Amino acid sequence: MVSHPMEKAANGASALETQTGELDQPERLRKIISVSSIAAGVQFGWALQLSLLTPYVQLLGIPHKWASLIWLCGPISGMLVQPIVGYHSDRCTSRFGRRRPFIVAGAGLVTVAVFLIGYAADIGHSMGDQLDKPPKTRAIAIFALGFWILDVANNTLQGPCRAFLADLSAGNAKKTRTANAFFSFFMAVGNVLGYAAGSYRNLYKVVPFTMTESCDLYCANLKTCFFLSITLLLIVTFVSLCYVKEKPWTPEPTADGKASNVPFFGEIFGAFKELKRPMWMLLIVTALNWIAWFPFLLFDTDWMGREVYGGNSDATATAASKKLYNDGVRAGALGLMLNAIVLGFMSLGVEWIGRKLGGAKRLWGIVNFILAICLAMTVVVTKQAENHRRDHGGAKTGPPGNVTAGALTLFAILGIPQAITFSIPFALASIFSTNSGAGQGLSLGVLNLAIVVPQMVISVGGGPFDELFGGGNIPAFVLGAIAAAVSGVLALTVLPSPPPDAPAFKATMGFH
């Protein structure tokens, strides 16, 4: 285990605190694998969030142009929760360790959130929602509360899990790469399981009581998926934390005999004031990258149901239109499963491919252009689907096979740049924080702001922006393609290259 005493930076006036001291030997590989497995449980639930919850909230009665607002809670909680959790997990003096208490708290919050989301329709109906009169305002309120708690829980889990792996690796380059390779692998496992569950039409039969008067087929499947998700998360978390112990951490006293203690917000703002040019460039490229990614991550399955399959998710839509939409959403979940498989294999090859292409920044720049091309190709797939419906009188059976295959191919190819997005920015942040002596938790929290601020912008403006250009999802996808291209140019031209022997080059991490 790593024991990091906290010391003031050398100039004495710094708002950043550094973590220094003797490093213990890295832990055994089986313990690293055990902690990495928590990523499968977290990512199972995150996959369900991405694939099923945007369509579901529209079925409850929120119009498409406002559906993205439900995601606003995610960036806000990420902006506040992850840096705060990172800060306090770096300093936690619990007898159970620095990271484990936060992981347990996060798993408990996920459990609460899952029940609120899964039973939102049932609770709303019991409180007075009419089954045939949308919008179901009470169900929407319960759903939004659960959604908010779920995002807080995910952010409470993710940061300490990442930091725990760094602690277990004890600064050893080989163990760091190995630990994060396994973290990446289990992320892919969770994604595949989550998207596979979301694509299966009759999953509710595994838990038949999930279908009720107020919870239809789609709702029952979603409820069952989340039950499976929380079961997996609780099992892997319990096993990992019982097996892998942490040493309690004690802060090193300062010259006056007291432990150093800088107020959190003073430290976080101080971190921004002291950022060097490499970190600023990383934040800019990361922000543009997420402006490109987030519209697609929010609306990929909605795009399949609405533009590709020609369905309608509005609460007042016909049963036939809703069926087409649900078929498209399930096809989108299948596409996301293919995406997760490609992401998993690509993650294992990031380090090797990066070396062959001449470094991390060149690899990131190249895959950002792949992202831009794929987002632009959604326009082509959409036009082909629209032409088919026009030529076949509305095509109530969905798109032809070649259109569906084209859409699924885009999902799969996008796994390549997504693997890089989940790895290189976090690896570079770890490298820069190591060079400056800043705590891993705080540094990853600062990088997280470059992810959540674009998410907030898209959550607030995505729906109205689409509506301004005629509705649907394509306008935001085109904007994303432009942002991806700009991000690629900046990654190749202004982003500094990390040292070739950087220990955390392959630090693959998730996001929330």
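Note that Cβ sites are derived from N, Cα and C of the backbone, with glycine treated the same way.
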Identify whether Gln58 and Leu495 belong to the same side of the membrane as annotated by Swiss-Prot.
no
Say a student had to find the N-linked glycosylation site annotation in Swiss-Prot: which of Asn154, Asn402 would be the correct pick?
Asn402
Which listed range (66-86, 101-121, 139-159, 178-198, 363-383) shows the maximal number of Cβ pairs under 8 Å with respect to the transmembrane segment (224-244)?
101-121
Might you confirm whether the transmembrane segment (363-383) is in contact with the transmembrane segment (139-159), defined here as three or more C-beta pairs under 8 A between residues 6 or more apart in sequence?
no
Under the DSSP assignment, what numbers of helix, strand and coil residues are found in the topological domain 'Extracellular' (300-332)?
23 helix, 0 strand, 10 coil
What stretch of 178-198, 363-383, 474-494 shows the most Cβ pairs under 8 Å to the transmembrane segment (279-299)?
474-494
Should Asn402 (N-linked glycosylation site) be counted as helix, strand, or coil on the basis of DSSP?
helix
CB neighbours within 10 A of Asn402 (N-linked glycosylation site), counting all protein chains shown, number 11
